[in-house]
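Engineer: Not my notes, these are from TrEMBL:
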- 4-117: domain 'C-methyltransferase' (DOMAIN)
- 160-360: domain 'LicD/FKTN/FKRP nucleotidyltransferase' (DOMAIN)
Amino acid sequence: MFEYVRHTESLHKLYSNLDKIITDGKFQNRRYVMFGTSRFAGMIIYYLQLHNVQVEAIIDNDEKRQGLIVYGVKVYSPEQYVGIKDESFRIIIASSYQDEMIRQLCEFGYKIGEHIIIAIDLKKELSEYGYADRTGLRRLSIQEKKQCQLAILENLDKVCKENGLRYYICCGTLLGAVRHKGYIPWDDDIDVTMPFNDINKLTQIMDKKGRYSIISCFDRSLEHYDVEALLTDNDTICDCNNVFPQISSGVTIDVFPLTGIPDDEQERTDYISRMRNMDMEKWNYLYDDNRIREACDRQIEYMMGFDYDKYDTVGSILGRYFIKEIFPKKWFEDSTILQFENLSLAAPSSYEEYLKKIYGDYMQLPPVEKRVGEHNSRAYEKCNM
């Protein structure tokens, strides 16, 4: 049986905390700065703007994002904008990296609770699973979860071959295939990318009544407003804290959309800005099904206008690596086959160039202390229900 549920308890906490910022007199007439450019940052900036509280700047340690206009606000390095302590600053954090951010700000002389505002403790929220009662269900081991993911991948490969659709393993999965011939040892997820229009076609082909199905923004019967799709195993249940709001579905793999990217510098800047703003807009309508659906439809229409097949440059800028995920389309043409565990899967033909762009020296293992997976999900066997 197909399952897909969004849980909004954490959102209630976020907006409740923001309301306190808005109404608390000690926060009035201050200079607000957002730390980070994540989806949460966009939600917070938009919500505060609706209540006439302006965020004047975003700070981010990612050099690739510094200088960009994101969510209508310019991005600076922390040193550049808040490196010299200013008592009027109120720096807002909503990130799973909050401990590192707080340490950095404290080195500049700022104090938590006085200058530093934790909009929501994401580290805590994303480690709890109280929103779903799984009493009586057998929890799957990480290895069992991986076997489910591999079966989903195998089915995707089969369906794409039968229907002339294109997919490519990407990001950490591609890195794992090249460096480890399978999963990165400390990782437990799967990343795939497809042309956006092929995701649309796949949505029309796959049957929700079967074991394997797709959760995508093209399926209007679902409350799924991400342009990233999920391929799911309907014989399992998986509570996922990788995303916000948290979701329950089956064990899944991620499918990131590839669209055309303008070559003209100004047009590309406009595209990136509009895509980020459209993504931000959606998540501020989470309590209004009609408005979030309309916002999602506008984003779909906009993205379909950048047909993968009509551009020489393509990318998936809403992913983890942002503008690093912009590539010459020729890197994907005439895909090559790579081994991943027991499967032979499609990969970008220029996979070495792809990996160098995202990871640099991709064959170099990270320090031991960084060999840690997220593991922000819990999977269960459904047949015992």
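Residue numbering: from 1, along the chain as shown.
Yeah, the Cβs are placed from backbone N, Cα and C, and that goes for glycine too.
On this model, are these features tucked inside or out on the surface, and what's nearby?
Structural biologist: Model confidence over the domain 'C-methyltransferase' (4-117) is summarised by a mean pLDDT of 90.
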Engineer: Summarise the domain 'C-methyltransferase' (4-117) by DSSP state, stating how many residues are helix, strand and coil.
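Structural biologist: With helix first, then strand, then coil, the domain 'C-methyltransferase' (4-117) has 45 helix, 27 strand, 42 coil.
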